[in-house]
Amino acid sequence: MDHFDIRDGAMHAEGVPLDTIADAVGTPVYVYSAATIRRHVTVFRDALAGLEHDGRAPLIAFAVKANPNAAVLTVLAQMGCGADVVSGGELKRALAAGVPADRVVFSGVGKTVDEMAYALEADIGQFNLESEEEAETLSTVAAKLDRTARVAFRVNPDVDAGTHAKISTGRSENKFGIPFDTAPQAYARAAALPGLAVQGVAVHIGSQLTDLHPLKQAFARIGALIQSLRAAGHVIETADLGGGLGVPYDPAKPAPPSPAAYGAMVREATAGWACRLIFEPGRLIVGNAGVLLTSVIRVKPGVRSPFVIVDAAMNDLMRPALYDAWHNIRAVHPKGDRFEANVVGPVCETGDTFAMQRGMDRVEEGDRVAFMTAGAYAATMASTYNSRPLTPEVMVSGNKWAIVRARQPVEALIAADSVPEWATSSSED
Ligand SMILES: *Cc1c(COP(=O)(O)O)cnc(C)c1O
């Protein structure tokens with residue numbers, strides 16, 4: 001469910017016509033709906049009703065990597081969300097947006113010593129460790145700073161999440177987490193290290209999951225592990241169940257399980273765990289809360305269907321090139337007429353293709369087009385490839401809208417480089 005609808009013949013974001021934004025800011029531009037973000041948090045929170053532990057509701061730690069825009073994080077912080085961060089930069093962004101440090105979980109397979117020190121100084125809620133080696137390093141850093149790191153191990157449950165290989169993280173051959181069978185040894189080792197307080201377990205098996213079964217399997221393994229860790233004398237107070245619930249991209253396909261169905265599965269899977277539950281949804285919160293608004297530069301004939309060349313490209317929205325992702329592509333002013341087209345960007349790569357032989361609203365040169373479900377893993381993955389400045393971002397709330405990231409001038413790209421004196425002469429010395 002989102003707040004991008006056709007009204008009086010033109011697509012709006014909540015109360016604001018997309019044309020108003022395109023006229024003022026130009027295209028391409030990302031447009032986010034604050035009401036949609038808030039609604040998704042509420043729906044997810046409601047779905048987790050009954051999962052309180054010691055009177056505390058589960059922590060919803062938004063996966064910052066899905067959309068780190070400061071305005072997005074601020075809306076989420078205002079709603080009481082925490083943050084799942086995977087770098088020092090994301091931690092800084094989350095804290096700057098007002099997320100309390102004790103609601104921050106630090107995930108990621110390659111935390112550096114500097115990042116560890118920064119997170120320890122900030123006194124974050126939990127580090128999700130991904131190896132025994134990492135536990136050793138964090139212990140050293142914490143001891144040096146005279147701090148205690150509250151830790152969980154991310155356990156790799158070796159289940160196939162049934163999603164695209166590039167966003168699948170819970171198979172034993174993936175780089176993530178510690179192998180399930182080595183967990184007892186990892187916990188024993190961490191418990192003996194200074195500066196670490198073992199407090200929980202964590203799991204995250206992948207993204208855009210459209211089937212609850214692999215999650216259920218993973219959670220069953222985690223439940224068994226909690227029992228055996230407690231039997232071995234470890235205090236397990238938190239269970240971080242990760243993110244991963246999918247969102248609908250293609251309206252013609254069956255919708256992924258609802259948050260309510262997910263919540264019901266979690267209630268069943270975690271009965272008797274006696275842990276504070278942590279969730280790390282990213283896509284579910286922001287995926288359908290954003291569109292990428294573009295203009296058709298021109299339409300070029302193709303062998304089978306015409307090429308619609310838009311002013312957004314793979315550098316603005318990488319998902320189709322990176323994981324064969326499917327985005328619904330809609331005209332901002334649908335004429336009621338449809339055609340089959342290939343939708344491509346201007347970048348000099350064949351991979352800069354958003355859709356081939358797509359049945360879609362008929363559009364022509366100058367028309368505006370929206371790529372739907374572009375709120376997650378979209379602007380955040382943008383690059384400046386082909387010297388295309390980073391895409392601006394706008395947030396809408398009701399009838400209000402604001403630029404939440406300005407269009408980057410190309411001069412800023414050039415100014416970021418520097419040219420050594422010796423490169424300016426043609427001699428070799
Ligand atoms: C990316 C990520 C998430 C969020 O995944 P979504 O599919 O966006 O919900 C949560 N936890 C970890 C550890 C991640 O890497």
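Every residue gets a Cβ built from N, Cα and C, even glycine.
Note: TrEMBL annotation is automatic and uncurated.
What TrEMBL records for Cys348 is active site, proton donor. Look at TrEMBL and you will find Gly244, Glu280, Pro281, Gly282, Arg283, Tyr377 tagged as pyridoxal 5'-phosphate binding site. Per TrEMBL, the feature substrate binding site maps to Arg283, Arg319, Tyr323, Glu349, Tyr377. The domain 'Orn/DAP/Arg decarboxylase 2 C-terminal' annotation in TrEMBL covers 30-375. For 36-286, the entry in TrEMBL reads domain 'Orn/DAP/Arg decarboxylase 2 N-terminal'. Sequence annotations record features per position, and here TrEMBL assigns N6-(pyridoxal phosphate)lysine to Lys65.
Feature map: TrEMBL annotations on the structure.
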residue	record	contacts (Cβ under 8 Å, 6+ apart)
Lys65	N6-(pyridoxal phosphate)lysine	Val85, Val86, Glu90, Gly282, Tyr377, Thr380
Gly244	pyridoxal 5'-phosphate binding site	Ala161, Thr163, His204, Ile205, Gly206, Ser207, Gln208, Leu209, Leu215, Pro281
Glu280	pyridoxal 5'-phosphate binding site	Ala61, Phe62, Ala63, Asp84, Val105, Ser107, His204, Asp240, Leu241, Gly242, Gly243
Arg283	pyridoxal 5'-phosphate binding site	Ala63, Ala66, Ser207, Gln208, Gly243, Leu245, Gly246, Val247, Ala376, Tyr377
Arg319	substrate binding site	Ala325, His327, Tyr377, Ala378, Met381
Cys348	active site, proton donor	Asn386
Glu349	substrate binding site	Met314, Ala321
With respect to ligand 1, which members of the binding-site residues Glu280, Gly282, Arg319, Glu349 satisfy a Cβ distance under 6 angstroms to one of its atoms? Glu280, Gly282
Would you give the longest CA-CA distance, in whole angstrom, between residues of Gly244, Glu280, Pro281, Gly282, Arg283, Tyr377, the set recorded as binding pyridoxal 5'-phosphate? 15
Please give the maximum pairwise Cα distance, in Å and rounded to a whole number, for the substrate-binding set Arg283, Arg319, Tyr323, Glu349, Tyr377. 27
According to DSSP, which kind of secondary structure is Arg283 (pyridoxal 5'-phosphate binding site) found in, if we only use helix, strand and coil? helix
Tyr323 (substrate binding site), number of other Cβ atoms within 10 Å: 16
Around the pyridoxal 5'-phosphate site (Gly244, Glu280, Pro281, Gly282, Arg283, Tyr377), what further same-chain residues have their C-beta within 8 angstroms of the site's C-beta centre? Ala63, Ala66, Ser207, Gly243, Leu245, Leu284, Ile285, Ala376
Fewest other C-beta atoms within 10 angstroms, as judged across Pro281, Gly282, which are the binding-site residues: Gly282
Translate the DSSP assignment of Tyr323 (substrate binding site) into the three-state scheme. helix
Taking the Cβ of Tyr377 (pyridoxal 5'-phosphate binding site) as the centre, how many other Cβ atoms fall within a 10 Å radius? 24
